[in-house]
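Listed in Swiss-Prot for this protein:
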type    : residues                                                                                       : note
BINDING : Gln192, Gly217, Arg218, Gly219, Lys220, Ser221, Tyr222, Val223, Ile224, Gly225, Leu226, Arg364 : ATP binding site
DOMAIN  : 401-567                                                                                        : domain 'N-acetyltransferase'
BINDING : Ile493, Ala494, Val495, Gln500, Arg501, Arg502, Gly503, Leu504, Gly505, Ser506                 : acetyl-CoA binding site
Amino acid sequence: MDVELEVSGFIQRLRHSRLRGLLVVGTGDVKAWAEKLAGYAGGDCALVSPSAGRLPGICRSWAPPGSIERILGGEYAAAIIAVPGLLRPSIIAGAGETVRSGGFLAIVADPPDRWDPGPPRGTGLYREYLFSAIRDNPVHLWIDDESGRIVSESFLEYTGVGAQGWSPGRYKPSPGSGVPRRLVSACRSESQARALESLARFFRGRWRSALVRGDRGRGKSYVIGLALAYAAWRRLIGRAVLVGPTPLSVQSVMAGLLRGLDVLGLKGHRVVRTSGGEVIRVSGPWFRIAYEQPDTAEPSPLVVVDEAAAVGVARVRRLSWRSGKSLVATTIHGYEGSGRAFARLLPNILPKPFIELELREPIRYLPGDPLEEWLYTVFMLRAEPQEPGDPSAARPVEVSREVLARDREVLRSVYGILVQAHYRNTPDDLLAMLESPHHRIYALEADGTPVAVADVVLEGPDVEEEARIALERLLYMAGSPGSGVVSWRVSRIAVHEDLQRRGLGSRLLRHVEAQARESGASLVTTMFSRHDVIPFWLKNGFKPFYVSPRYNRVTGEKNVALAKPLDSAGAEILEKASKTLALKLALAGSSIYRDLAAEKLALLLHHTPATAPPLYLTRIQARHLEGFLKGEVMADQAFDAVYIALLSTLLATRSWNPVEPGLVGAVARVVQGKPYSEVASIIGASTVDEAVGKVEEYIRGILEGARSLWSGRVIP
């Protein structure tokens with residue numbers, strides 16, 4: 001058999017059919033085959049390979065395996081993956097979404113009998129799963145160059161009209177759209193053109209925010225760039241901030257912006273690029289659109305967030321509410337998609353009035369494209385929960401990795417619930433579930449369908465240190481070597497969206513605790529950055545022991561870790577760690593925890609053990625404090641004394657109510673040092689004076705009630 005003839009025939013057939021296909025070449029000479037495939041694509045390709053094995057000049061773009069985002073947003077005749085060893089699902093999913101109609105996604109690897117795409121010391125189930133998935137691909141060719149045989153092949157007959165059928169000349173604009181036809185001609189689908197019209201109305205109207213959503217490959221970012229060009233042309237914007245995870249991630253927006261400015265004939269603008277060539281600022285005589293990193297971005301007359309799930313819901317909320325207008329894009333399904341749960345959350349946090357639009361047609365390939373469907377199915381990029389069974393009959397079960405690897409329906413039903421636990425999911429989550437020997441999946445099953453799922457990770461001395469995410473932080477906070485301590489970390493737990501607030505999550509958690517206790521674990525831990533779920537863990541008897549000093553780069557919130565002891569050793573460690581956190585929250589509240597929501601700081605502090613405060617008043621400070629308590633001076637005039645006395649009271653007692661507005665205001669003002677203008681907003685006071693009055697009244701009351709505590713802590 002002529003291997004090269006088979007490969008070239010497959011590629012030619014793809015071009016004629018306008019389908020996209022998967023090509024897998026098993027070979028002992030990866031470099032030679034990568035060069036051949038790049039030649040078939042005429043160099044119009046993206047190559048994913050290690051820097052050490054980079055093949056200069058064979059493809060238009062290159063990305064190392066750890067930076068697949070370098071090629072995302074690009075469009076190529078082929079994407080070629082030549083990665084030895086571990087082949088992460090995110091590499092396949094990300095590269096596959098860059099291939100245009102009639103092109104191919106190629107994986108160049110070892111021959112099938114020697115190819116192991118999984119990690120070292122894994123279970124081997126990812127290899128089994130991926131091999132089965134390749135054979136199931138409806139348009140693929142898997143060939144073994146060494147033996148000269150076809151491992152498997154398939155070519156689905158498919159007819160359809162895709163985005164290539166889009167004709168700007170036949171497009172009928174909406175009445176009063178105001179968008180020049182020459183700008184519409186820059187669109188690549190009708191849904192892009194409709195979205196452009198809607199965004200033009202958004203810029204002209206009184207809307208505060210707009211949400212553009214859709215699966216990956218629908219042209220969301222590009223049409224936002226066209227809309228920005230329209231707004232600049234109409235002089236509807238001046239200064240705008242463009243926020244995304246990296247400069248690379250916003251290049252589709254910048255490409256649409258520059259294309260739109262060119263089409264509209266807007267000259268005289270200046271383009272600033274990074275040393276790597278990425279556009280980070282476009283400015284003209286009356287407008288300036290500049291990229292800012294999520295953690296440094298400031299409010300602006302217009303803020304544009306490209307990929308909200310990657311920026312983080314907390315940052316999106318902060319930026320949008322403090323800016324004039326907000327334009328936000330989020331990916332529902334696809335590589336780094338957030339799922340519909342997050343897409344449904346965004347309208348609740350964006351300022352009103354608000355418009356929402358969704359792009360449905362792919363711009364690079366046919367709708368219903370078999371490669372897209374394969375990627376979405378195999379790597380759970382469109383996983384949504386199934387219809388739930390009767391929850392009253394639910395029973396706890398452990399779902400084995402073997403079942404997950406071999407029964408795709410079970411995997412989809414489990415994964416469809418788990419994706420609700422995170423704002424942003426990646427295909428690599430699947431790799432961990434199948435390959436890590438320390439992962440466990442537990443579920444509440446009703447009528448054969450999961451209604452609640454927990455993803456659990458075992459952490460102990462036999463696990464690599466970098467994988468002991470919560471345990472290492474717990475031992476650090478406790479100041480304990482913790483040799484031999486084993487904990488179970490609940491990485492994710494979620495309940496079917498139609499069955500929440502019925503106690504199913506707590507019931508499943510109790511089952512996990514029982515299994516952990518039976519195995520000899522000392523604690524169950526968890527760590528997350530979705531602060532809205534803190535009450536769930538506190539309700540179930542967990543104590544906080546760690547809050548990260550920095551934001552989680554995904555959610556824009558700080559990571560919070562909690563634990564529940566299962567034996568005396570675990571209880572002793574957690575007690576020490578939680579007391580350490582109490583001191584950190586109180587004493588570092590005005591620095592590293594100043595940006596933590598005051599109500600969350602109060603709630604977490606209240607659920608730590610009472611501890612003796614290492615704080616004392618001088619005689620002069622005690623005198624100043626008495627003056628404040630008698631109403632002779634305001635709190636700010638005796639702030640140092642109020643600070644010491646209030647922190648001592650909050651640390652040593654737990655009789656205070658963490659949700660009382662006065663307490664929350666006192667925490668915001670005294671512990672965190674926030675201005676009264678912000679305190680007023682936090683506690684719902686209509687004026688600054690009202691906020692001052694409420695906070696000072698509360699402080700006087702709590703300090704009078706704890707007089708015996710702080711009055712005995714005066715330095716002679």
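In case you wondered, yes, glycine gets a Cβ from its N, Cα and C as well.
Annotation note: Ile493 (acetyl-CoA binding site) sits in a strand segment as assigned by DSSP.
Between the C-alpha atoms of Ile493 (acetyl-CoA binding site) and Ile224 (ATP binding site), the distance comes to 35 Å. In sequence order, Ala452, Leu499, Arg507, Leu508 are the same-chain residues whose CB sits within 8 A of the CB centroid of Ile493, Ala494, Val495, Gln500, Arg501, Arg502, Gly503, Leu504, Gly505, Ser506, the residues recorded for acetyl-CoA being left out. Taking the Cα atom of each, Gln192 (ATP binding site) and Val495 (acetyl-CoA binding site) are about 35 angstrom apart. On its own chain, Gly505 (acetyl-CoA binding site) has Ala452, Ile493, Ala494, Val495, Phe536 as residues at least 6 apart in sequence with a Cβ closer than 8 Å to its own Cβ.
Between the two most distant C-alpha atoms of the annotated ATP binders (Gln192, Gly217, Arg218, Gly219, Lys220, Ser221, Tyr222, Val223, Ile224, Gly225, Leu226, Arg364) there are 18 Å. Per-residue confidence over the domain 'N-acetyltransferase' (401-567) averages 92 (mean pLDDT, predicted model). If you draw a 10 Å sphere around the CB of Ile224 (ATP binding site), it holds 27 other CB atoms from the protein chains shown. In this record, acetyl-CoA is bound by Ile493, Ala494, Val495, Gln500, Arg501, Arg502, Gly503, Leu504, Gly505, Ser506; the longest C-alpha to C-alpha distance in that set is 14 Å.
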